[in-house]
Amino acid sequence: MYIVNLILPLIGSIVTGILGHKLGNRISIQIAVGCMMLTALSSLYIGYEILLCNSVVHFKLGTWMQVGSLNVEYGLLYDSLTSIMIIVITSISSMVHLYSMDYMKADPHKTRFFSYLSLFTFFMMLLVTADNFVQLFFGWEGVGIMSYLLINFWYTRLQANKSALKAVILNRFGDFGLFFGILLVFLVFKSVDFSVIFTVAPFVTEYTINLIGYEVNAITLIGSFIVIGVVGKSAQLGLHMWLPDAMEGPTPVSALLHAATMVTAGVFLVLRTSPLLSYSITILNILTIIGALTTLFATTIGIVQNDIKRVIAYSTCSQLGYMIFACGLLNYNASIYHLTTHAFFKALLFLSAGSVIHGLNDEQDMRKMGGLVNLMPLTYQCMLIGTLALTGFPFLSGYYSKDIILETSYATYYWEGTFAAIIGYVAAFGTTFYSFRLLILTFFNKPRMSYKTIQGVHEASTKMVIPLVILAICSIFIGYITKDLFVGLGTPVWNNSFYAYPYNNLILESEVLQRELKLLPLFAFIYGVITPVLFYYNIKEARMQDVVMTESTKESYFFFVKKWYFDFLSRVLIVVPFFHLSYDVMNKELDKGLWEQIGVTGVATALVKEFTEFKLNNETTISTYISYIVQAIIMIIVVGLFSYVAGVIYMELYILIGIIYICINKPNKS
């Protein structure tokens with residue numbers, strides 16, 4: 001069951017990608033979707049065995065590589081964390097597969113698309129089921145490669161090429177961080193197996209590594225490199241620039257990539273390595289600060305975006321910040337809880353946005369929409385449910401998971417927790433603001449499309465609506481159903497899946513917070529709804545003119561539109577200098593300059609020049625050269641016979657050198 005669960009997406013990818021042209025589009029796509037549905041069902045069964053029956057499955061499949069003391073084996077680890085992740089991954093992926101059957105119906109390369117989707121899911125499952133760092137890194141790299149192929153699926157579009165390259169290059173920084181972290185893990189623990197590393201970790205908390213003359217704590221150094229990998233893959237502040245540009249791929253790709261697979265890989269890595277990272281207070285503080293700042297940054301940028309998919313993309317970045325700073329506060333169960341609920345309502349939002357884009361002939365600018373509430377009522381209802389879940393409307397899934405993170409963050413009573421909680425409350429208001437701004441601009445007010453576009457607006461087909469309805473139901477109930485399972489007091493589900501601090505009473509502390517603090521998310525939601533309604537509902541030009549003319553508003557708006565100048569600074573401080581170094585210095589001055597003069601090219605050019613001058617100044621006829629050759633051959637034969645008879649070995653060498661010297665230096669006829 002466990003091996004079948006892992007390889008079914010791979011089988012679907014191979015059949016669709018390699019045999020698709022023989023089986024036909026319809027049959028091959030149905031096979032891919034069927035394999036994914038079976039994978040989702042088997043994941044639910046595995047979740048029942050692991051979560052509800054309170055068991056762990058860990059088995060080895062054989063030796064992968066053995067070099068010296070490095071022994072890497074194929075192994076699968078199914079614990080509570082893995083079972084939750086595969087349920088989320090396969091459930092969202094199966095909905096995306098079903099949705100894509102109609103969404104990509106007119107695309108001539110749809111079999112390739114489904115092959116990529118299935119392979120993407122396989123690599124993500126390989127990542128979360130790994131029992132050692134090397135196997136995890138293999139899945140990690142596979143996810144990165146597939147994200148490049150999916151973002152660049154429409155490879156004839158220049159912007160898709162740029163976005164895919166941007167994603168893979170920025171992720172490469174994170175990949176290098178994780179790679180060096182794995183090397184340091186092997187240096188310290190002499191193993192890459194999770195069970196060995198996490199067992200030994202408490203005994204090496206004082207171990208140090210000499211780094212350019214300074215003694216650095218080994219776990220802190222390892223954690224620093226792992227954090228770089230997390231920042232790159234989960235699009236945290238600093239390496240976040242690729243995430244909004246990833247919207248250039250098809251909308252189902254955005255839903256899968258942002259909801260359940262690639263961006264959650266970084267959060268999973270923190271959770272999986274928590275028995276190691278939790279022994280370094282420095283790393284925990286770094287995670288808290290990075291996550292909080294990412295939440296604030298993404299929220300402020302999402303407020304001013306006009307592309308419907310980019311607004312949802314920045315909300316993903318913001319919610320990932322919640323998960324990361326929850327991990328930094330040792331609140332791991334709240335982090336995986338929010339990851340689970342977020343996956344369903346974020347997939348719902350993206351697929352609903354895809355339905356809108358599909359109905360408007362690929363229009364993504366919200367300023368060119370409006371009035372769709374009567375034209376696409378079912379899509380509007382699904383989008384509304386996803387928006388309410390995202391913003392933390394009471395008793396929907398986001399309400400439970402987001403509130404538990406905010407309350408437990410403040411209940412730490414450390415400055416890091418208070419800092420993260422304050423930013424979290426501010427971001428809750430911002431999230432509600434841009435989410436309802438999206439709803440109002442897209443579905444309300446007067447239509448801002450052309451008459452021809454309005455005539456072509458249509459509701460999504462049945463195969464596109466079914467995933468929306470299922471995800472909407474999950475977005476309503478999944479938070480309430482799983483609350484006690486994930487974050488209930490004394491829940492036995494997690495066992496040793498991640499680090500459990502014995503004196504961590506955050507749940508109890510959060511229960512006795514002041515009433516005002518518990519009501520803050522509700523107030524943030526109310527004000528977040530009222531503000532966009534006042535500004536954008538039945539919008540009046542005079543009212544907007546008053547706002548735009550305010551100097552402080554203009555400066556703030558410009559700052560947010562420029563994305564805090566991160567793209568500008570990265571271009572000026574990193575891209576342009578490296579381009580100058582690579583092209584002007586390394587290419588023009590060294591490769592085509594110095595190395596060509598002193599290297600092989602320079603020597604060849606000099607020899608050609610000398611021989612050309614010799615040829616032009618030489619008037620010897622070809623018959624003379626033939627005579628020289630015949631004389632040389634006769635001389636070699638005579639010398640060889642004489643050397644054989646006389647036993648003189650080196651005589652031939654001296655005579656040959658003399659002949660060549662005479663021939664070359666023979667005076668030319670004047």
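Glycine too: its Cβ is placed from the backbone N, Cα and C atoms.
Check TrEMBL against the ranges 6-24, 557-575 and you find transmembrane segment recorded for 6-24. If you look at the transmembrane segment (311-331), the same-chain residues 6 or more away from its ends with a CB under 8 A from one of its CBs are 230, 234-237, 240, 243-244, 246-247, 254, 258-259, 263-264, 266-267, 270-271, 274, 278, 284-299, 301-302, 305, 338-339, 342, 346, 349-350, 353, 366, 390, 402, 405, 408-409, 412, 416-417, 420, 424, 427, 430-431, 434-435, 437-438, 499, 501, 504, 506.
The helix, strand and coil residue counts that DSSP assigns across the domain 'NADH dehydrogenase subunit 5 C-terminal' (515-638) are 112 helix, 0 strand, 12 coil. In terms of DSSP helix, strand and coil, the domain 'NADH-Ubiquinone oxidoreductase (complex I) chain 5 N-terminal' (64-114) has 29 helix, 13 strand, 9 coil. Long-range Cβ contacts of the transmembrane segment (382-400) within its own chain (Cβ-Cβ under 8 Å, at least 6 residues beyond either end) map to 315, 319, 337, 341-342, 344-346, 348-349, 351-353, 355-356, 428, 431-432, 435-436, 438-439, 442-443, 468-469, 471-472, 474-480, 483, 521-522, 524-525, 528.
Confidence in the domain 'NADH dehydrogenase subunit 5 C-terminal' (515-638), given as mean pLDDT, stands at 79.
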